[in-house]
Amino acid sequence: MFGAWHIVEGNFAFLLLASGAAIASPVGGWLGSHGKIGTLFLSISVGMAAGVLLGTFTFEMIPTAGAAAGKIPTIAGFVVGFLTVYIFDLYINHGFIAGHESDEWHKLSRLHRIQRARGSKVTLLAGSTAIEELIEGLSIGVGLAADPNLGVMIGVAIMLDNVVEGMSIAEIIRAEEGENASRSIYVWTCLIGLALFSSAIVGWTFLSDIAPSMLGVLLAFGAGGMFYLTIADLLPRSAKTQYQQSAALAVAAGFLLIFALTNR
Ligand SMILES: [Zn+2]
């Protein structure tokens with residue numbers, strides 16, 4: 001039975017994790033706004049965050065979801081989470097995503113000359129990050145409700161992710177707005193942190209009482225959404241900022257770190 005002490009303890013752990021992951025964004029922004037972060041450092045830290053997230057899905061979130069909800073609901077939750085972020089990404093990019101070296105790139109750049117992208121590059125990036133944080137926050141709340149250790153794991157992985165995310169957002173804002181960018185950096189990274197914190201509260205307070213199988217599906221949903229972000233956003237960013245080898249090594253290190261920390 002859960003006594004009053006357990007409730008207090010649970011809420012305290014939640015507040016610590018959710019506020020830590022939320023504050024990580026402005027902290028990353030602050031780090032990024034003070035002097036240039038080297039590309040090698042950025043590549044290694046972004047790669048490390050990607051590896052830690054991949055390890056968290058692989059060794060923690062998906063196995064826990066599978067045990068609670070069964071295989072088919074877990075796969076369904078993952079697919080829906082993945083598609084939600086994928087479709088959001090398509091919407092932001094006017095239904096068209098192509099790499100610079102692809103045959104489709106010419107078509108895309110022509111399209112963009114006709115219809116300008118929705119908002120400036122900074123607004124687009126920071127705004128979409130804030131919306132993506134909703135899934136991360138939800139995963140912290142739901143993860144903690146499913147299993148305290150899992151919640152801590154997810155929270156710490158997202159904390160690391162948000163520091164490097166804040167740093168690279170700061171780099172991009174600085175590139176667009178020059179040396180007077182600090183204000184925009186603080187406003188955006190605080191907004192991103194706030195988005196995470198509010199959805200974490202929703203995950204923790206409203207979803208902690210639902211059936212374990214439903215928690216499993218939500219966990220798979222969160223894993224699918226964050227999986228897309230890791231593969232489509234973090235990994236390319238890590239590989240692009242430096243030699244691909246530094247990225248690959250950092251991803252592997254982060255991935256194995258989570259395996260080492262997992263008690264399975
Ligand atoms: Zn994030």
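Just so it is clear, glycine is given a Cβ too, placed from its N, Cα and C backbone atoms.
Copied from TrEMBL, the annotated features are:
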TRANSMEM  12-32  transmembrane segment
TRANSMEM  39-59  transmembrane segment
TRANSMEM  71-92  transmembrane segment
TRANSMEM  185-207  transmembrane segment
TRANSMEM  213-235  transmembrane segment
TRANSMEM  247-263  transmembrane segment
Other than its close neighbours in sequence, what residues sit by the transmembrane segment (213-235), given a CB gap under 8 Å and a spacing of at least six beyond its ends? 46-47, 49-50, 53-54, 57, 61-62, 64-70, 73-86, 89, 132, 135-136, 138-139, 142-143, 145-146, 150, 154, 161, 203, 207, 247, 251
Run the contact check on the transmembrane segment (185-207) against the transmembrane segment (39-59): 3 or more C-beta pairs under 8 Å, excluding pairs closer than 6 in sequence. no
Go through 12-32, 71-92, 247-263 and flag the stretch with the largest number of C-beta pairs under 8 Å relative to the transmembrane segment (39-59). 247-263
What else in the chain is close to the transmembrane segment (247-263), if you only count residues 6 or more beyond its ends and a Cβ gap under 8 Å? 43-56, 58-60, 149, 153, 157, 235, 238-239, 241
